[in-house]
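Trainee: Encoded as C-alpha cells, here's the structure I'll be asking about.
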Amino acid sequence: MSIQSNLNTVKASLPENVTLVAVSKTKPVSDLIQAYEAGQRIFGENKIQEMTEKWEQMPKDIQWHMIGHVQSNKVKFMAPFVSLIHGVDSLKLLQEINKQALKNNRTIDCLLQIYIAEEESKFGLDENELNELLTSVEFKELKNIRILGLMGMATFTEDQNQIKKEFTHLKSIFDSLKNIDGYGKDALQCVSTISMGMSGDYQLAIECGSTMVRIGSSIFGGR
Ligand SMILES: *Cc1c(COP(=O)(O)O)cnc(C)c1O
C-alpha cells in the first residue's frame, strides 16, 4: 500500500474533531513529501535534530510536533519553528521552553505528559505533580508558553481493558483540570487537547475521548 492510500484510510477512520499527527520519525524526507502531497500538514518527530533537519528541507506550511522526550539543553534548536511540544513533564523544562520562546519572540504551545502506563520506562507527571505544577507561582510567571492540554501513552500490551483503563484515567485528569484552584480561567481557555492513541490503539483512544492521535506505522509502514 502507498503512503497516500494509508493516509486516506487512516483519515477516513477519524471523527472530524480528532487531529491527525503523522509520525514520521526515522522515515526519509521522500516519504514525508508523499504524505505532504496527499494533504498532510502536521508531522510528529521524536528527536529534535532529526526534526530540525526535516524542517529545513520541507515546505514551510508544515506544523512540526515534538512527540518525544525533550532534553532541556536541546530546546533552543526547535524553538524557532516547533508548533506543539507533546512531552513536557517538568517545570524546569517548561521554564526552558519559555526562555527560548521569548528569545524567538513567540509563544510555544505545549502539552503536559501524564504518566498513565504500568511501565517504568515511560515519562510523565502523576496527578499530584500536575496539580502542583499548574498552581505554582513559577508556572504563572511563564508568559511565552501556552498549555493546550495533556498527552499520554498507554502500556504496550494486548490487554484492551488495561489500555482502556489508562486512557480513561487520562481523560478524567483532563476533565478535572477545570477544578484546579488558582489555575486561571484565561489559561484554561486554551485547554482542549488530549493527545492519546497510536497505530495500535487509536480507535480505543478516540472512544475514550482523544482529540489528537499520533500515528506512524499505519501510514509510513513499520520502522
Ligand atoms: C513512535 C511514536 C508514535 C507512533 O507510533 P506508531 O505505533 O508507529 O503509530 C506515537 N507517539 C509517540 C510518543 C511515539 O514515539
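Here the Cβ of each residue, glycine as well, is placed from N, Cα and C on the backbone.
Pulled these features from TrEMBL for this protein:
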DOMAIN    3-222  domain 'Alanine racemase N-terminal'
MOD_RES   Lys25  N6-(pyridoxal phosphate)lysine
Trainee: Report the mean pLDDT of the predicted model across the domain 'Alanine racemase N-terminal' (3-222), rounded to a whole number.
Mentor: 94
Trainee: Output, ordered by sequence, the same-chain residues six or more apart from Lys25 (N6-(pyridoxal phosphate)lysine) with a CB under 8 Å from its CB, or 'none'.
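Mentor: Gly44, Glu45, Asn46, Lys47, Glu50, Ile67, Gly68, Gly216, Arg223 - these are the non-local Cβ neighbours of Lys25 (N6-(pyridoxal phosphate)lysine), listed in sequence order.
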Trainee: What does DSSP say about Lys25 (N6-(pyridoxal phosphate)lysine): helix, strand or coil?
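Mentor: DSSP assigns Lys25 (N6-(pyridoxal phosphate)lysine) to coil.
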